[in-house]
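Participant: Dropping a structure here in structure tokens format, bear with me for questions.
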Amino acid sequence: MNISATARSLLLSEFVSAFFLAMRYFFQPKPTLNYPFEKGPISPRFRGEHALRRYPNGEERCIACKLCEAVCPAQAITIEAGPRRNDGTRRTVRYDIDMVKCIYCGLCQEACPVDAIVEGPNFEFATETREELYYDKAKLLANGDRWEREISKAIALDAPYR
């Protein structure tokens, strides 16, 4: 055993350096959040709870093209289109999403030509029963109305990358 190794073991240099390292981090601000009361920042591309959007005049955006239903890999979306209106457009009669099947891939949002179906910023939608995770058109439109300000802001921030 050489002299330097003996000196290091007697003087406990590793212990002292580790102690000073721990003290340096001990006095820094804590990086944790008090979660239910404080929330961290969310990316504009965050994929949370689904929502159906409306136009500013209150009309729903969905034109019943069924692209989101076709592209969904989990087959979680079910759409029934109503008859054509006088102006030639269609609207949905039934728009259901089975959130139990959904894998939050965002393909429905990418496929939609009118930005009708989006995945909003809400990530707190735990339920007590499984049936509450079957979203119908009314629930999706209510989500869209509730989160419209945040959704439109996120879409505007993401626009340069589309």
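Backbone N, Cα and C define each Cβ position, glycine as well.
Sharing the features that Swiss-Prot gives for it:
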- CYS62, CYS65, CYS68, CYS112: [4Fe-4S] cluster 1 binding site (BINDING)
- CYS72, CYS102, CYS105, CYS108: [4Fe-4S] cluster 2 binding site (BINDING)
- 52-82: domain '4Fe-4S ferredoxin-type 1' (DOMAIN)
- 93-122: domain '4Fe-4S ferredoxin-type 2' (DOMAIN)
Participant: Write down the Cα-Cα distance for CYS68 ([4Fe-4S] cluster 1 binding site) and CYS108 ([4Fe-4S] cluster 2 binding site), rounded and given in Å.
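Facilitator: Cα of CYS108 ([4Fe-4S] cluster 2 binding site) to Cα of CYS68 ([4Fe-4S] cluster 1 binding site) measures 4 Å after rounding.
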Participant: List, by number or range, the same-chain residues at least 6 past the domain '4Fe-4S ferredoxin-type 1' (52-82) whose CB is under 8 A from its CB atoms?
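Facilitator: Hits for the domain '4Fe-4S ferredoxin-type 1' (52-82): 89-103, 105, 107-118, 137, 140-141, 143-145, 148, 151.
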Participant: Taking the centroid of the Cβ atoms of CYS72, CYS102, CYS105, CYS108 as the [4Fe-4S] cluster 2 site, which other residues of that chain lie with their Cβ within 8 Å of it, listed in sequence order?
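Facilitator: For the [4Fe-4S] cluster 2 site, the extra neighbours are CYS68, VAL71, PRO73, ALA74, ALA76, ILE77, ILE103, TYR104, GLY106, LEU107.
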Participant: Below 8 Å Cβ to Cβ and six or more residues apart, same chain only. Which residues does that give for CYS102 ([4Fe-4S] cluster 2 binding site)?
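Facilitator: Long-range Cβ contacts: HIS50, ALA74, ALA76.
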Participant: Report the same-chain neighbours of CYS72 ([4Fe-4S] cluster 2 binding site): residues 6+ apart in sequence with Cβ closer than 8 Å to its Cβ, ordered by sequence.
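Facilitator: Counting only residues 6 or more apart in sequence, the Cβ neighbours of CYS72 ([4Fe-4S] cluster 2 binding site) under 8 Å are LEU107, CYS108.
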Participant: Pick the one among the binding-site residues CYS65, CYS68, CYS105, CYS108, CYS112 whose Cβ has the fewest other Cβ atoms within 10 Å in this structure.
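Facilitator: Comparing Cβ neighbour counts within 10 Å for the binding-site residues CYS65, CYS68, CYS105, CYS108, CYS112 gives CYS105.
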Participant: Sort out the sequence-distant neighbours of CYS62 ([4Fe-4S] cluster 1 binding site) for me: same chain, 6+ apart, CB within less than 8 Å of its CB, listed by position.
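Facilitator: The list for CYS62 ([4Fe-4S] cluster 1 binding site) reads LEU52, ARG91, THR92, TYR95, VAL114, ALA116, ILE117, given in order along the sequence.
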